[in-house]
Each structure stands twice: as structure tokens, then as C-alpha cells.
Amino acid sequence: MDSPGDPEGPRPPGGDGPPGGAMETSRRLSREQIFVLISAASINLGSMMCYSILGPFFPKEAEKKGASNTVIGTIFGCYALFDFLASLVFGKYLVHIGAKFMFVAGMFVSGAVTVLFGLLDQVPEGPVFIAMCFLLRITDAISFEAAITASSSIVAKAFPNNVATVLGSLETFSGLGLVLGPPLGGFLYQSFGYEVPFIFLGCIVLLMVPLNMCILPNYESDKGKHSFWKLITLPKVAFLSFVITSFSSCFGFLDPTLSLFVLEKFNLPAGYVGLVFLGLALSYAISSPLVGLLSDKMPHLRKWLLVFGNLTLAGCYMLLGPAPFLHIKSQLWLLVLILVINGISAGIGLIPTFPEILSCAHENGFEEGLSTLGLVSGLFGAMWSVGAFVGPTLGGFLYEKIGFEWAAALQGLWALTSGLAMGLFYLLEHLRRRRRYGQLWTFFPPFKIWLVGVQNNILYPFFQSEDLWALCASLLDRHIYGNSWVVT
């Protein structure tokens, strides 16, 4: 089934359509596209609230049930591990299972598990309680990843020419979920006890299930012939995967370390620590849709957004402590300012990665459809989960051994390395293409075409033949941006 608003005629991969198709697409959202946005926003908001609600009070309750700090940390950490494994499986078999069924089933199981989490205070303490925590946490991770993988694939299918814009906009709801979850959970816990926060949020998610069953379109696609291994072994995809893991680990690093550092360094009341995190979450939520819009309007800037975002993030972590070798006094206003810049730089560097991977996959022979979208969504989720596991684990260890200032600086080196590696790759790719084009112009004089910024109603009618379009695209290495053919 074709996606709503899909342009007619041939178009290059990655949502950067050629002249003619994309320009003829209506700027107004279709009914199905609006329903897709509602469904995707509901899972982003609901799942992030359910994920973040545990932080303020669950560790204390788990201690009462006989769980050690190590066990509690492992309960939190196993989420990312099984998130990683589920990403690979669901991304590979998205078409076999069905995107809509995977989305709805994942949401239903996630809501039910959240409700069951609220009943854990009735479970006997000791090994039984710990085992039930692991079981429910693992089930929640698997169901959450099923819904998110399906959601990302459906969104990319419904908005082929605006993938970054839509995904960036939806990150606003993820940010809101992370912001609203802890204070709402803490308020409900203090007012009504342990059970109510989980039962309240779980029931809200469950009420969204019948709504999504009715409004979510059912996209069908042929089963793909490609695998995760072929996708991840593409050099560009491998570098982009490293970037995703870098951003995820930087976010995860702050979970076990920042609150302890703020409490120790500035003697803030525990209730104010959440406000420090607010600067990071809100700046990321606000910047993501703007970066997505810029990425779709000017796709040739994606590579530089990626590099700039990584390098800026590295600088933020050097100043977060700040690093002792900078000889800058640690102040609360500086910490909050750096967290705000941190959130903006994360949006700049992270949002373009999905369309970049998708474009690279199509350029290397992956078919356009849900099968490839499932692979890309699964790969993104898997790489994010790796960083979400490594970041808190390594961050907690480094914080204990060398302190927050040096630990944050070392975390910044990861972002610096990924930014420099990505920049070097893009530079070498640019030089390689220039050499290739030079040889092409030498041996194929008839194809000395320099069409920069030519609108579709001027010259594109001369290229209506799909065969000729495919030949030209192949010869030009598919270096096509928006409504122009750019030869550098």
C-alpha cells in the first residue's frame, strides 16, 4: 500500500525527491498522516512517562524489599540490554509481524506491565520480589521497543519527504514524557502511595490502545531480502551508528551521576535536582523539530549538523564539571547553561542520523518500503540501547573512581572522537566523489550536466523517462539534493 502523500514518479532515496514529484505533493496533511502523527505522539509521550516514573521513588521501595544497590542498578540496566536485543529482532521481522499489530500489541503489553509494576509492593520481599522486578522490566523493554520500532517505520513510510522534520517534532513528546514522568510520579507517590503512579499511567496507555487500533493505518509491504549485517557493514552506516551510541551514552551518563554531583557540590534540596534536568530535556525537545525541519529543507547540511552537534556536545561535557585542567570554578548557573546547550547540540547531531542511514541504505540497493524502514528503525534503537547501557554503567564506575569532573571530561572524549571520525569520513567521501566526477566528465562529454537550482517546470519535463532518470542518477552517483542536481 502506498504511503499517503507519496509523490508520483521516480524519486531518489531518503526522502529527498527529484524535481516534479515532491513539488506536486500537497503541503496539507492527509487524514492518514494526521492519524499517524497522533499515534506516534501517543506512544512517545506515554512510553517515556512510564519509563521515567521509576526514578524518584522505586529505588527506596526496592531497598525495603531487600534489594541491594547493585541489584537495583541491574534492574534499571537490563532494560537497555533487552531493548537492544528486541530492536534487532523486531526490525528484521517487522514486515512478517505487521507494523500496525506490532505497534498496538507493544503498547498494550507496555501499559499492562506498568500496571503490574504497581502491584509489586504486594509481592513477598527477597528473591521473589527481585525476580518479578526483572521479569516485568524485561517485558516492558521488549514491548516498548516493539511499539517504537513500528512507530518509526510507519512515520517514515507516511512522510517519505519529511522524515527528519516529523521525527524531530515527535521528539518533543519524548522530551515532555521524560520531563513530566518524574514529578508526576513523585506527586502521586507522596499523595496516594506506591501503587497509584503505575496504575494511573498504565491505564492511560491502555486507553490509547483502542484509539490507535481505530485510527492507525495498516501499511503493507513485501518482505525484504537484506539483513542487519549488510546494513551495519556499510561504512557510512557504521560511523553513524557510532554517533548514535555516543549521544545515547552521553545522555545515560547523567542518570546515575548528575544528581549526586549537584547534591554534593551545591547542597540543593532533593526536590530541586529535577529542575536541573529540566534544562536539558526542554532544550532538546524544543530544538529537535527545528533541526528536523532544517534537515529536510536543506539535506546537504545534514553531514555538517552531525559533525557540529558532536563537537559541541564534547565541549559541553568538558565544561560540565568543569574539567580540572580548564581551571574554571564550578557554578550552578554555568551547569544549567551547559545542560541547555547540551540539549540543543544533541538535537542538532542526533536528528539527522535516521534520514542519513535511510538514504545510505537506499543508495546501496536496499528496497524502498517497510522492510528497509524496519531495519533502519531497529538499528537505530539497537545502537541507542548500547549507549544507554554503557553510559550509566561506565559513568557510575568513573564517578566513583575519579569524580564527576574527570568522568564527564572522559565522556566528552567519546563525543569528540565520533565527531572527528564522522567529519573525516565526510571529507574523504567528498574528495572521492570529486575524483569520480572528474573521470566521468572526461570519458562521457554528453553528460557534462550542471543543473544547480533548476526548478522542475523548466528542464525536468525533458527527463520524464524513468530509464533515463535511473541512468543519470547512477552516473551522478545519486548525488541529488531537493529540486537540484548538484555536482561538486
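Glycine is no exception: its Cβ is also placed from the backbone N, Cα and C atoms.
Those TrEMBL annotations? Automatic predictions, nothing curated.
Database features (TrEMBL):
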type	residues	note
DOMAIN	36-435	domain 'Major facilitator superfamily (MFS) profile'
REGION	1-24	region 'Disordered'
TRANSMEM	34-58	transmembrane segment
TRANSMEM	70-89	transmembrane segment
TRANSMEM	101-120	transmembrane segment
TRANSMEM	196-216	transmembrane segment
TRANSMEM	237-254	transmembrane segment
TRANSMEM	274-293	transmembrane segment
TRANSMEM	305-326	transmembrane segment
TRANSMEM	332-351	transmembrane segment
TRANSMEM	372-394	transmembrane segment
TRANSMEM	406-428	transmembrane segment
For the transmembrane segment (70-89), give me same-chain residues lying six or more residues beyond its boundaries with a C-beta closer than 8 angstroms to one of its C-beta atoms, as numbers and ranges. 51, 54, 58-59, 62-63, 130, 133-134, 137-138, 140-142, 144-146, 149, 228, 252, 256, 378-382, 384-386, 388-389, 392-393, 396
Apart from its near flanks, which chain residues at least 6 from the ends of the transmembrane segment (101-120) lie with a Cβ under 8 angstroms of it? 39, 42-43, 46-47, 50, 54, 61, 65, 90, 94, 129, 132-133, 136, 139-140, 142-151, 154, 194-199, 201-206, 208-209, 212-213, 216
Any chance you could find the range in 34-58, 196-216, 237-254, 305-326, 372-394 with the most Cβ pairs under 8 Å to the transmembrane segment (406-428)? 305-326
Sort out the residues at least 6 away from either end of the transmembrane segment (196-216), same chain, that have Cβ-Cβ distances under 8 Å to it, and list them. 35-36, 38-39, 42-43, 46-47, 49-50, 53, 57, 100, 103-104, 107-108, 110-118, 154, 181, 184-185, 188-189
Other than its close neighbours in sequence, what residues sit by the transmembrane segment (305-326), given a CB gap under 8 Å and a spacing of at least six beyond its ends? 240, 243, 246-247, 250, 291, 294-295, 334-335, 338-339, 341-342, 344-353, 356, 404-406, 408-409, 411-413, 415-416, 418-420, 422-423, 426
Whole-number mean pLDDT, the domain 'Major facilitator superfamily (MFS) profile' (36-435), equals 84
With a Cβ cut-off under 8 Å, give me the same-chain residues at least six positions beyond the ends of the transmembrane segment (332-351) that come close to it. 164, 167-168, 171, 243-244, 247, 250-251, 262, 266, 268, 276-277, 279-285, 287-288, 290-292, 295, 305-310, 312-313, 316-317, 319-320, 322, 419
